[in-house]
Structures are given as structure tokens and as C-alpha cells.
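Novice: Found this in Swiss-Prot, in case it helps:
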BINDING   110, 111, 112, 113  (6S)-5,6,7,8-tetrahydrofolate binding site
């Protein structure tokens with residue numbers, strides 16, 4: 001039986017691990033990130049992949065850095081025939097890449113060579129793409145640059161956010177892996193080199209990318225809001241206070257108002273002018289220190305009115 005070591009960390013990785021188990025491979029170990037403090041109370045929380053592994057009685061390793069010699073030796077002691085990774089979060093050292101007889105393969109959430117890096121799902125929406133997908137490729141010491149083994153496309157709906165697209169890609173990745181691993185073991189694949197000239201990157205989201213710039217077009221802002229939902233969430237300011245924007249709708253609303261101006265207060269939320277004729281109806285918001293709420297609840301309690309401006313530290317007189 002083929003001995004597999006699986007490496008992954010977040011929710012995206014769980015269906016991938018589960019598929020390997022259900023397909024009957026001998027998963028001899030799981031490598032994941034260390035437990036991290038989570039939430040306001042900073043409770044030490046295990047990664048989702050660790051929880052899944054323990055449910056199946058699979059040994060778990062949690063190295064801070066898998067490149068350290070003693071950590072490499074722990075993985076090699078498991079004698080893997082194949083290493084499979086999915087959103088592990090670390091680049092593997094050469095000693096690990098060269099060890100398994102069937103190599104090391106990675107399940108990546110984009111159509112490589114586009115969107116290499118740690119946040120491909122976010123960027124596919126931020127950039128307004130209509131489709132993305134899964135690529136399974138051999139791992140090399142360079143980020144997401146190995147030869148491609150298999151691909152599948154996944155449509156991005158106009159209403160998708162990072163959460164919904166993540167779930168679709170996670171399922172697609174598990175299915176593609178199930179179809180791909182037997183071919184890798186049998187040697188019946190023809191890996192395709194990536195075209196470096198077409199490579200684009202999706203580095204982890206930075207804080208400045210979360211701030212809404214109302215001078216951008218309505219379409220760009222709409223994509224930014226859904227491309228940061230459910231994490232880390234786009235924000236603006238109102239009366240000097242941060243205001244998270246979870247969801248919006250595009251509204252055709254030609255106006256001479258400055259970008260960021262509240263042009264109307266509706267039952268469903270507030271309509272805000274942008275840098276073009278597509279305004280945004282903000283339908284889910286979260287004022288500082290409060291819970292996420294529907295636009296209608298925000299309107300009832302926020303004392304916001306037409307003419308107010310978002311995105312500046314404006315205090316009402």
C-alpha cells in the first residue's frame with residue numbers, strides 16, 4: 001500500500017486529506033502548523049487539519065519550521081512514498097522533495113502559472129476574474145513553480161465571495177486529487193512546465209488592501225468587498241470610526257456627488273457614490289465594537305443621512 005504523508009493546515013485542506021483516507025491510501029502522518037491563539041480570548045486552537053487527522057488516529061507533526069534538520073528527519077522517519085500538500089504554508093526543503101519515490105505534489109487553488117502564492121482565492125475575486133480553478137503540480141523549492149500534472153476550472157459567480165469560492169475549490173481540489181494520485185503512482189502522466197512569462201502572484205493580503213478607496217470604480221469596490229469576505233473584511237470610516245463592510249450590491253446611480261458620499265439611505269442599507277456611475281448599496285456592515293449586522297439594522301441605529309461622507313475622519317457638528 002502506498003504510504004502518504006499529508007501536509008496542510010486550514011479548512012481548505014480538510015477535504016483533500018479526507019479524500020486520501022477514503023480512497024484507501026495509508027496516510028502515515030500529517031504535518032501541519034502549530035496550534036495558534038485564536039479569537040478575542042486568544043484560546044490556543046489546533047489547525048482544522050490536525051483535528052481531522054486525530055479523528056482518524058493519524059500521527060500529527062507540528063513544526064514551526066519544517067526546514068529544520070530535526071523536523072526533516074521526523075518526516076523522513078515516516079518513510080513516505082508520496083508527499084501531498086494543500087495550503088500547508090511552508091516551502092519544503094530539498095531533502096524532503098527528493099525523498100519520496102513518487103515525489104511531492106501540491107493542490108493549489110488557481111490555474112497556474114496565474115496567482116502563485118498564499119492568497120489565490122482572494123486575488124481571483126479582487127481581480128474580477130470569471131473563472132479560476134485547481135492545479136496539481138510537482139513541488140520544487142520555488143513557490144508554486146513546479147511542473148503541472150492536472151487542472152480543473154471552477155466558475156466564479158458574480159455573487160461569490162472568498163468563503164463560497166473557497167468551499168467550491170476545496171471540493172474540486174479533493175476530487176481532482178482523487179483522480180490524479182493513481183496516475184502519479186502508475187507513472188502515466190505527462191507533466192507540463194509552467195510558462196514563467198505568464199506567472200502572476202497572490203501574496204498574503206496586507207492591511208492597506210482592506211481599506212476602501214471610494215474614488216475607485218463601483219465594480220472594483222464591489223470585488224474588493226467580496227474578495228475580502230469573510231477574512232480579513234474591507235473597511236472604511238464614518239465619523240472617525242472604522243466601519244467594516246461585509247457585503248454590497250451594485251446600483252446604477254449617476255450622481256455628481258463626491259466619491260464616498262452617502263447619496264441615499266434606503267431600507268436595505270446606505271447607497272454610496274464611487275468613482276464612476278456604479279454606486280454601492282452597503283447591505284452588511286459592522287460598526288466598531290459591534291457585531292456584523294444587516295443594512296436595515298445599521299440604518300435604524302447609526303444616525304447616518306444623505307450627504308455624510310465615508311472614508312474621511314469627518315465629525316458631525
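From the backbone N, Cα and C atoms, a Cβ is placed for every residue, glycine too.
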Novice: Tell me the Cβ contacts of residue 112 ((6S)-5,6,7,8-tetrahydrofolate binding site) under 8 Å, same chain only and six or more apart in sequence, or just say none.
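Specialist: The answer is 135, 137, 144, 148, 151, 194.
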Novice: Can you list, in sequence order, the residues of the same chain other than 110, 111, 112, 113 whose CB lies within 8 Å of the CB centroid of the (6S)-5,6,7,8-tetrahydrofolate site?
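Specialist: After dropping the recorded site residues, what remains is 108, 114, 115, 116, 120, 133, 135, 144, 148, 151, 194.
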Novice: Identify, in sequence order, the residues in the chain of residue 110 ((6S)-5,6,7,8-tetrahydrofolate binding site) that are 6 or more apart from it along the sequence and have a CB within less than 8 Å of its CB; answer 'none' if there are none.
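Specialist: Correct list: 116, 120, 124, 132, 133, 134, 135, 202.
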Novice: DSSP three-state call for residue 111 ((6S)-5,6,7,8-tetrahydrofolate binding site): helix, strand or coil?
Specialist: coil
Novice: When you measure from the Cβ of residue 111 ((6S)-5,6,7,8-tetrahydrofolate binding site), how many other Cβ atoms are you left with inside 10 Å?
Specialist: 20
